[in-house]
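Since the structure comes first, as structure tokens, the remarks are kept for the end.
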Amino acid sequence: MKLRRSVLFMPASNERALEKAKTIPADVLVFDLEDAVAPGAKEAARVLAVKAANSREYGEKEILIRSNAPGTPWWKEDLKAICQSKADGLVVPKVSDVGDIMGIQNSMYNAGAPCDMKFWAMIETASACLNIRQIAESGRRLAGFMMGANDLTLELHAKRTHNRLPIMTGMGMTILAARANDLCVLDSVYNDFKDITGFEAECQQAEELGFDGKTLIHPNQVASANSIFSPTQEEILEAKALINTFAEAQDKGQGVATFKGKMIEELHVREAERLLAFDI
């Protein structure tokens, strides 16, 4: 299982940040050409992002580059540069419908992207949430979704709340579509990077909802994300014990078993096996 517990956005215009990222224990790095880069610095940032990706000096980290949105003045050159780089994939903002997905895939092909290069769609509009099932079903190059809660909240005219209830429908629909199509799904960023308590609470909520990990804006968020989106040693031991208990019951011809006073069946074994895939 490819770990994507911590997905850290780094401003591609900041060469020092790109260098520092080599030592940050994030599972995934996203060199950002969009929100973190001023219009006048876009072209220089693109050069730095590609140079960093091509260096292959980031160990086992997955390297992605976030382009500017389709239709912007930088989109075509961003896409061409990323597709011809050694990045593992690209992140595309403002994806709203199947037409966007097909356009991205065609553009990647025309730009000479390797067959195994995939892209991530940022889900940050009402249209994207309403079209999420069709989006998830349409992309052979689609790796997964990244929630964009800030833009979604703005578009919905909603309030920013700690429990995120105003955007929970969109989050839930995105998780459902991802799981139905075997895609990865990542929670949105937490803006107050100094509020570790609040960040950890939001990570916990995301993990309980079924997200695979969380997108981050600051290195000090990495350790908490890695911890919360990983099983504890106690959970690993319990999963192994559950699997053994069920196997013993099956040897006796039983389809269910009792584990710690509760009935367990095949679905509980699958849950335990999925958890053990994180045993690193």
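Every residue gets a Cβ built from N, Cα and C, even glycine.
TrEMBL annotations: computationally assigned, not manually curated.
What TrEMBL records for this protein:
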{"type": "DOMAIN", "residues": "5-219", "note": "domain 'HpcH/HpaI aldolase/citrate lyase'"}
{"type": "BINDING", "residues": "ARG66, GLU124", "note": "substrate binding site"}
{"type": "BINDING", "residues": "GLU124, ASP151", "note": "Mg(2+) binding site"}
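Overlay of TrEMBL feature records on the structure.
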residue	record	DSSP class
ARG66	substrate binding site	strand
GLU124	substrate binding site	coil
ASP151	Mg(2+) binding site	helix
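Ranked by Cβ neighbours within 10 A across all protein chains shown, the binding-site residues GLU124, ASP151 are led by GLU124. Rounded to the nearest whole angstrom, the C-alpha distance between ARG66 (substrate binding site) and ASP151 (Mg(2+) binding site) is 16.
Separation of the C-alpha atoms of GLU124 (substrate binding site) and ASP151 (Mg(2+) binding site): 5 Å, rounded to the nearest whole number. Counting every protein chain shown, the Cβ of ARG66 (substrate binding site) has 26 other Cβ atoms within 10 Å. When pLDDT is averaged over the domain 'HpcH/HpaI aldolase/citrate lyase' (5-219), the result is 97.
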